[in-house]
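**Q** Okay, these came from TrEMBL:
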type     : residues : note
DOMAIN   : 13-387   : domain 'Major facilitator superfamily (MFS) profile'
TRANSMEM : 12-38    : transmembrane segment
TRANSMEM : 50-70    : transmembrane segment
TRANSMEM : 79-96    : transmembrane segment
TRANSMEM : 102-124  : transmembrane segment
TRANSMEM : 136-155  : transmembrane segment
TRANSMEM : 167-187  : transmembrane segment
TRANSMEM : 208-229  : transmembrane segment
TRANSMEM : 249-267  : transmembrane segment
TRANSMEM : 279-297  : transmembrane segment
TRANSMEM : 303-325  : transmembrane segment
TRANSMEM : 337-355  : transmembrane segment
TRANSMEM : 361-383  : transmembrane segment
Amino acid sequence: MHIYKERNTFIQSITILAVSSILVVSLMYVAIPLIPALENEFHATVNQTVWVNSIYGISYAIGCLIFGIFSDRFHRKSILFLGLAALTITTLAVSFSSSLEWLITLRVIQGVIASSVPVISIAYINDVVSQRYRSLAISILSSSFLLSGILGQLYGQAIGNWLGWRGVFVILAIAYGLILFSFPLLPKGAIPTKEYSFNQMMNHMIRVFKISALVLSFFIMAIIFLSFVTFYSGLGLFIKQKFDMGNQGLMWIRVAGIPSILLSLFASSFIKHFGARQVLITGLLTTGIGLTIGTAAESIPTLAIASIIFVMGIAVANPSVIVIVSELAGKTRGSAVAINAFFAFAGASSGSLVAVYIKSFSFLCLALALILLLAVIITLVFIRIKDSHSKEKLSIGR
C-alpha cells in the first residue's frame, strides 16, 4: 500500500510539473522564430527585436535568484500556484502589446514570474517524491527543461505562421490557466520552518561563492545554455540566408534534435556508473563534435546530423552539472541550485545577441566549440568530486 502511494504521488507530481515546466520554460525560446514577424509589425531592426528574447532571459535569470532564496522560507506549492496564476495574466498581457517598448517591458515582468515554476519545482520534487523515484523525477524535469528549447521553437514557428505572434502567447496563457486546475492533485509538500531567517539565506548565498570549483561549475552551465541558444538562433539565420526553403528546413532540423534530448532521461544511470564529472566531459566533447560538423555543413541533412550530435551532448552535460553543483554545495545546496539556474539563463539570454552579431555560421560554431573545449579543460583541471562513482546522486533539493 505504501509503495503504491509513493508511485502514485510520483506519477501525479512529475506529470503536472513536467508539463508545466515544458510550457513555462518554452517562453525563453518561442520568440526565436518570431523575430521576423516582430520586425515587420513594429518596423524595427533585428538588433532591436532580439531584445524581446534576451531581456526575457536576463529577467528570468534574476528571478531564479529571487525565488531560489525564498523557496526555503515559504510554502513551495503556494509559490508554484501563485506564480503560474500571475504568469497566466502576464502572458495574456504580452499578446496585447501595442509597441516594441511595451512588449520588451512586459517580457521583463514575464521572465521574473516564469522563473518561479522550474526553480520551485526542483525543490518541491525533493519534498514530495520518495527517494526511490527522486532520481528519475529529476531526470524527467531536466529533460523537460531541454525539451522546451526545441518544442518552444517549433510551437512558436507553427502557431506564429498560423495565428501570428500574438496567438502564440494567447494559447500559452490559456494552457497555464488550465494547468492551475490540476494543482489540487499535488501533495501539500513541506512547511518551511520560521527559524530559517533571511540572514541565513543570504549567508548561504555568499558561502556558495567561496567554493571555487562550484563557481567554475556555474560558468560551465552558462556556457552550455549559451551554446544551445546561440546555435539554434544562428542556425535559423543561416538557413534563411543559405537555402531557399523558408522555415520548413529549420523545422525538421529542430525536430531531429528531440530524440537526442530524451537521452537525458538516462543521465542518472550514466552518472551512477561513470560519475558526473566523466559524463560532463563526454557531453561537452560530444557537443563540440556536433559544432565542428556544423562549421563545414553545406546541406540540410548535414546540419540535421550536426544538430542531433550537438543536442545529444547538451542532454547529458546539463544534468551532470546539476549533480556536480549539488555535490559540491553540500548544506548550501538550495542556494547553489538557484545560482546555477541564474547562470544558465544568463548564458541563454546572451545567445540570441551573439548569433546576431556573429554573421558567419561556420565561425559561430567554431567559436562555440573552442569555448566548450575551455569548459572541458576547466572540468579536468579544477573540478573534483570525492567518491564520484558511488555517492553521486541525481538529487538537488536541500
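Using N, Cα and C of the backbone, Cβ positions are placed for all residues, glycine too.
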**Q** Taking the domain 'Major facilitator superfamily (MFS) profile' (13-387) alone, what is its mean pLDDT?
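**A** Mean pLDDT for the domain 'Major facilitator superfamily (MFS) profile' (13-387): 86.
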**Q** Between the transmembrane segment (279-297) and the stretches 50-70, 79-96, 167-187, 249-267, 303-325, work out which stretch tops the count of Cβ pairs under 8 Å.
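**A** By Cβ pairs under 8 Å, 303-325 leads among 50-70, 79-96, 167-187, 249-267, 303-325.
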**Q** Report, as numbers and ranges, which residues of the same chain sit near the transmembrane segment (249-267): CB under 8 Å and 6 or more residues beyond its ends.
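**A** Sequence-remote neighbours of the transmembrane segment (249-267) are 33, 139-140, 142-143, 146-147, 149-151, 153-154, 157-158, 232, 235-236, 239-240, 243, 279, 300, 303-304, 307-312, 314-316, 318-320, 394.
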**Q** Go through the chain and flag residues at least 6 beyond the ends of the transmembrane segment (12-38) whose CB is under 8 A from any CB in it; none is fine as an answer.
**A** 44, 46, 49-50, 52-53, 56-57, 60, 80, 84, 87, 91, 100, 103, 107, 110-111, 114, 117-118, 121, 124-125, 128-129, 133, 136-137, 140-141, 143-145, 147-153, 155-157, 160, 164-165, 168-169, 172, 175-176, 179, 182-183, 185-187, 229, 232-233, 236, 247, 250, 345, 348, 352
**Q** For the transmembrane segment (167-187) and the transmembrane segment (79-96), check the count of CB pairs under 8 Å (sequence separation 6 or more) and say whether it reaches 3 or more.
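**A** Yes; at least 3 Cβ pairs under 8 Å.
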**Q** Can you name the far-off residues of the same chain, 6+ from the ends of the transmembrane segment (136-155), with a Cβ under 8 Å from a Cβ of it?
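**A** Sequence-remote neighbours of the transmembrane segment (136-155) are 10, 13-14, 17-19, 21-30, 32-33, 118, 121-122, 125, 129, 168, 228-229, 232, 251, 254-255, 257-258, 261-262, 264-268, 311, 314-315, 318-319, 322, 394-396.
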**Q** So, taking each listed stretch (50-70, 79-96, 208-229, 337-355) in turn and counting its Cβ pairs to the transmembrane segment (303-325) that are under 8 angstroms, which one gives the highest count?
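**A** Comparing 50-70, 79-96, 208-229, 337-355: 208-229 has the most Cβ pairs near the transmembrane segment (303-325).
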**Q** If I count Cβ-Cβ pairs under 8 A between the transmembrane segment (337-355) and each of 50-70, 79-96, 208-229, 361-383, which range comes out on top?
**A** 50-70
